[in-house]
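K.L.:
One structure, pasted below without further comment.
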């Protein structure tokens, strides 16, 4: 595995190569400036007055940050930025960056019972406010009704911003607040430009959702019960969010077809913390697949500001799986969520002219093919990449007209490929996965008869279409099937570990339902989200870690309501240590791309099980001081750390170890150059949140070729003794570790009192030292 670059290296790049344009360029870009707030001269009544007097003219400043972050964002030239960067009060400067979104039975699949039982008969969640950072909301949807909801929590200080097609009446006791952030989006040469008319698409300068993603995630987290919900007949039934009585605060930071900008996201964090949210759900990540150091990552910085004030932050891990080290949003104060399947599917069957039947999935709801056999063609056999991918204007009507066309997945939206086929006269499409997607399938609401198939089946179909004298095929659509086994399965697209910044911290933390999720949708665009799709639907079915993240946000809201004194780390610990690693066959969870057994690099601690998380027995808590010590342990100096924490810090005289952060998982990183046996010890502290007088005993499931010891092996709790510490000693023969394809071996350390099982994944890996 590749060696890890030190944070000092990144900090050096920040200072020396802050910009990529030349110093004499008149080009203006947006930058975020981290300023030491304690340096403000007393002559200035506010930081804003100081910034506009000493750093930038008022019309150039976009946002002033004063809660999770201290400083401002402004649109300036290279020369101006260089000058400001030399000011002794400026701790860091970074260029505004564009981010991307990580795009009815799922609450039941979390361990919630439908319509009756603990969660629905109670008022759990009604006192909790979930802030959703996304593309806005469609407030008229039934999922956001405030019928039978009590008064808005008195501590709420947020507002309902008005704008295009959004009035104060669009907020209610369910949507308690709504804001939109566009200044960073519109300013500077590195921005996307004016909101209205972006890429000739419909947008609203208001909290109203023109994209659909925000409406979907908000209703997944906290949508009310909506009867007779479906997408054109698919997944029909009752749609509801994980925490139907929780309140929603909407922060529109992403805009249709143009992404989300760091300066706006940071402003939303500032607002949400001041407004009084309890949970923040952010299904957004880096658009370049690279994770920045925490002090250069506004999502990590904003999330720290929220978590340090007791706000639980849930984020999507990204959709770049099944590639290793693809997980993003890695900060240890953020709960990072991967995606799994649920026990529902939308099967379609391709029948070839040779009689072979191939299984796929589809959400196509138009006129069926009625078993009519059509000519089958794979235009990609020409060897032209754009043709094999069915890119816009790539298909020759003479080749595809009247035929079912095989298109390779990738480079363009899946449903857009179908439109290309349709425009060229094709009657249907088969979307074939490549090797990277393997056998993982997601359903799409196609505009022509189409279905997705796995990589192996796609290859066999291409071979048939290329070798047969008269290849033919038809597609049959089979609606909705529930009770699918196995489930959950780790989605092929779900981003994987290890953690590319700090391998000592396991990421993702856990997985939740993220494949074929039914939730509310905007009426501004059709179910494909593409401008040419004129269909209207109240609900849509989407897949992605974007869909998994709000499941965990809703779960955190219910847990917070039941345990208002628990910290964000305790809430995460409860979900991680009770997570499931088996499927509905009671077999170890598999991963979708290969069908093989999955590992903690795929699912973290496992699949969230809210019923068990309610009563976890023990939790691993983490304080703000613990996080500061962690940052010291990974080589950050006081100035770097202050960029994140806002206040000056002092690192301990003895440098801490990153693996001793009190995380609910353990990663032992050995040197690949060491010879013979080595031992690493890990200190953990658990807090008893169950019966006061409890005795827990350790159970060890050691990785293959590894020796694991826990001291003490018994923990005794009482009313006076709620916390206990223990040491896990992991020993391995460095020269004979059989790490396998993923470069690690896996085990578990559990504590049990006979009722509760508090389980932590144990990962053993090797890295080449720097």
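Including glycine, each Cβ sits where the backbone N, Cα and C put it.
Where the annotation comes from TrEMBL, it is an automatic prediction and has not been curated.
So TrEMBL has the following annotated:
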SIGNAL    1-23  signal peptide
DOMAIN    40-102  domain 'Inhibitor I9'
DOMAIN    125-587  domain 'Peptidase S8/S53'
ACT_SITE  134  active site, charge relay system
ACT_SITE  213  active site, charge relay system
DOMAIN    375-460  domain 'PA'
ACT_SITE  546  active site, charge relay system
REGION    578-598  region 'Disordered'
DOMAIN    660-764  domain 'Subtilisin-like protease fibronectin type-III'
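Each of the listed features needs to be described in terms of its position in the shown structure.
P.N.:
Mean pLDDT for the domain 'Peptidase S8/S53' (125-587) in the predicted structure: 92.
All chains included, 30 other C-beta atoms sit within 10 angstroms of the C-beta of residue 134 (active site, charge relay system).
Of all Cβ atoms in the shown protein chains, 27 besides its own fall within 10 Å of the Cβ of residue 213 (active site, charge relay system).
The 10 Å shell around the Cβ of residue 546 (active site, charge relay system) contains 31 further Cβ atoms across the protein chains shown.
Summarised by DSSP class, the composition of the region 'Disordered' (578-598) is 0 helix, 6 strand, 15 coil.
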K.L.:
Residue 546 (active site, charge relay system) to residue 134 (active site, charge relay system): how many Å between their Cα atoms?
P.N.:
10
K.L.:
Treating G and I as helix alongside H, and B as strand alongside E, what does DSSP give for the domain 'PA' (375-460) in helix, strand and coil?
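P.N.:
Within the domain 'PA' (375-460) the tally stands at 28 helix, 17 strand, 41 coil.
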K.L.:
Give residue numbers and ranges for long-range contacts of the region 'Disordered' (578-598): same chain, 6 or more residues beyond its ends, CB-CB under 8 A.
P.N.:
321-322, 340-341, 343, 437-441, 485-492, 510, 604-609, 612-613, 616, 757-759
K.L.:
Of the residues in the domain 'Inhibitor I9' (40-102), how many are helix, strand and coil by DSSP?
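P.N.:
Within the domain 'Inhibitor I9' (40-102) the tally stands at 19 helix, 24 strand, 20 coil.
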K.L.:
In the domain 'Subtilisin-like protease fibronectin type-III' (660-764), how many residues does DSSP call helix, how many strand, and how many coil?
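P.N.:
Helix, strand, coil within the domain 'Subtilisin-like protease fibronectin type-III' (660-764): 4 helix, 64 strand, 37 coil.
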K.L.:
How many Å separate the Cα atoms of residue 213 (active site, charge relay system) and residue 134 (active site, charge relay system)?
P.N.:
7
